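All remarks here apply to the structure that follows.
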Amino acid sequence: MPDRTGPLLRTPAWRALEAHLAELQPLHLRELFARDPGRGERLVADGAGLHLDYSKQRVTEETVRLLVALAEARGLPERRAAMFRGEKVNVTEGRAVLHVALRAPRGERILVDGNDVVPEVHAVLDRMAAFADQVRSGAWTGFTGKRIRTVVNVGIGGSDLGPAMAYRALRAYAIRDLAFRFVSNVDGTDLAEAVRDLDPAETLFLVASKTFTTLETMTNAASARSWLLAALGDPRAVARHFVAISTNEAEVRRFGIDPANMFGFWDWVGGRYSMDSAIGLSTMIAVGPEGFRELLAGFREMDEHFRDAPLERNLPALIGLIGVWNANLLGAGTVAVLPYDQYLDRFPAYLQQLTMESNGKRVTASGTPVEGHGTGAIYWGEPGTNGQHSFYQLLHQGTHLVACDFIGFCQPLHALGRHHDLLMANLFAQGEALAFGKTAEEARAEGTPEPLVPHRTFPGNRPSSTILSDRLTPRTLGALVALYEHAVFTQGVIWDVDSFDQWGVELGKVLANRIVKELESPAEPALAHDGSTNALIRRYRARRGG
C-alpha cells in the first residue's frame, strides 16, 4: 500500500528519482537537446488557454514519469478529489478548502457539511454585480450627492495582494472614469498618500476583513473614517462612503456601515485564495460584472483541467512536480517569476504570498518535523525587461541556481511599433541563454581577449519554463492564477504539509500587541524582552519626538 504521509525521502518513488538524478545530473541541457532535438515540441502541455514549455527544465520524459509516480504514491489524485468534494483538507483548522466553488457554474453542486454552497456563492456574486453597476454608472452617489470618482480598497494580505494585482493586470479593461487605490500597510504613510489628493465626497472605501477586527485593516479604516468625517461632518456619511467585505455584521454595524452594504464570504475560503470572492469587489467595479465573470471562467477552466487532465499533461501538476524536483533534488530553492508584460508587475508579489505562506512549513500536516528536505521555495521576480538590467546577472553567472518561470503573451494590448516583438525577443533569448549559455570556445571564436574569456563565459544549464498565452485578458489571468494555486496544492501533497493554514504569522502579532502597549505607555514601562529588543524600544521611545 502506498505510503502517502510518511517521510518523503524514504519512499520507493523518491529513491527512484534519486537514482534517476544520478544518471541525469552529468548531462547539460545542451546535450539533452542534442540527443533529442524534438524535446522542445514534446515537453510541452496545454490547458485553459495556456501553453507550458518545460523543455528547458533539467528533466526528460523519464523524469516526468517518475514524478507522476511520486504524485500517485503520495495520493495526489485522491487528495485532489477530496478538495473538490469539499472535504476538510485543511486539517489543522478543520476546514474545507473550496476556492474552486467560488468559480463553479450555477447548477453545480458542491457540498460543505451537507449544504450546497454554490447558490450562496452566486447570490453574493449577483449582489456584487448590482452594486458594481451602480458605482460604475454613477447611480451610487456619496453623501453629498456627488458621483464616486475613486475607490479605495483597504485590506492586507490576501485582501490586498489579490485585488491590487488583479487591478494592475486588468487596467486595459478597467473603467477609465474611476480611479482605484489600495491601502494595506499600517504605516500611516500608505493611507496618507492614498487619500492626499482625493475629494472625500467622491471617495468610496471598501474595507476587507473577514472578522472586521484585523489590526492593520481596521486601523486604516478608522483613520479613513476620521478623514471622511473631518470633511463631511455628519456620521451618516459613513454609510454612503464605506462598504464592508466581512462576515461580522455586529462589528460592521458598529463601524457605521449599513449591513445592506456588507458582502460576505466563508471560512472555507483562505485569504490568499480569495481574490475571486467578495474580496474581488474592487476588481468587479473596475472591469465590470461581465469582465469579472470572464475572470471566473478562466479560473474554472484551469480548475477543470487540473481535476481532469492526466498528470503527465496537467499544467499545475507539472509545474508543482518540477518545482519539487528543482528544489529538493537539483538544489534550486528559489524561483524567479518573470512576466514579460508590464501589466503583471505585481504578479510576483501576489505569488509570494500564495506560495510561501502556503508551503513555508517545517512540520507535516500531522505535526511531525519535515525530515531531510526543504519545503516552500522562495518566490520573487520583476517584469521583463526591467529585471534584465538588475538581477539577471546573478541568474546567468551567479553561484546560486535559480529556477525561472517566464510568462508572455503573443498579442500586445498596446501595439506600439516594434515594442512587442522586442519584448518577446528578450523573453525567448533569456530562456535560451539560461539553458545553453556560452562556452569558452564560443567566447574565443567571437574574438574575446583571453583574459576576458572567463568573464564572457556563461555556464548555462539553468532551468526555466515558459508560459505563453495569446493575450492577457480577464480569462487568461484567472487561468494563470489558478495554475499556481493548484501547483501549490500539488507541492503541499508531495511534502505532506497543510498548504491552507498560516500559523507562522501568529507569533509576531501576539508580540506586537504586547509591545505597542509599551510604546504607548506614558510611564516608563517595565520591559522584559531580550536585551536587544529592550534597547531598541528604549531608543525608539527616547527619539520618536512628539
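Glycine residues also receive a Cβ, built from the backbone N, Cα and C atoms like all the rest.
If you look up Swiss-Prot, you'll see GLU357 marked as active site, proton donor. Residues or ranges marked as active site in Swiss-Prot: HIS389, LYS509.
Taking the features listed in Swiss-Prot, we show where each one sits on the structure.
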residue : record                    : Cβ contacts under 8 Å, 6 or more apart
GLU357  : active site, proton donor : ARG272, GLN502, GLY504, VAL505
HIS389  : active site               : none
LYS509  : active site               : LEU215
Assigned conformation of LYS509 (active site) - DSSP reduced to three states:
helix
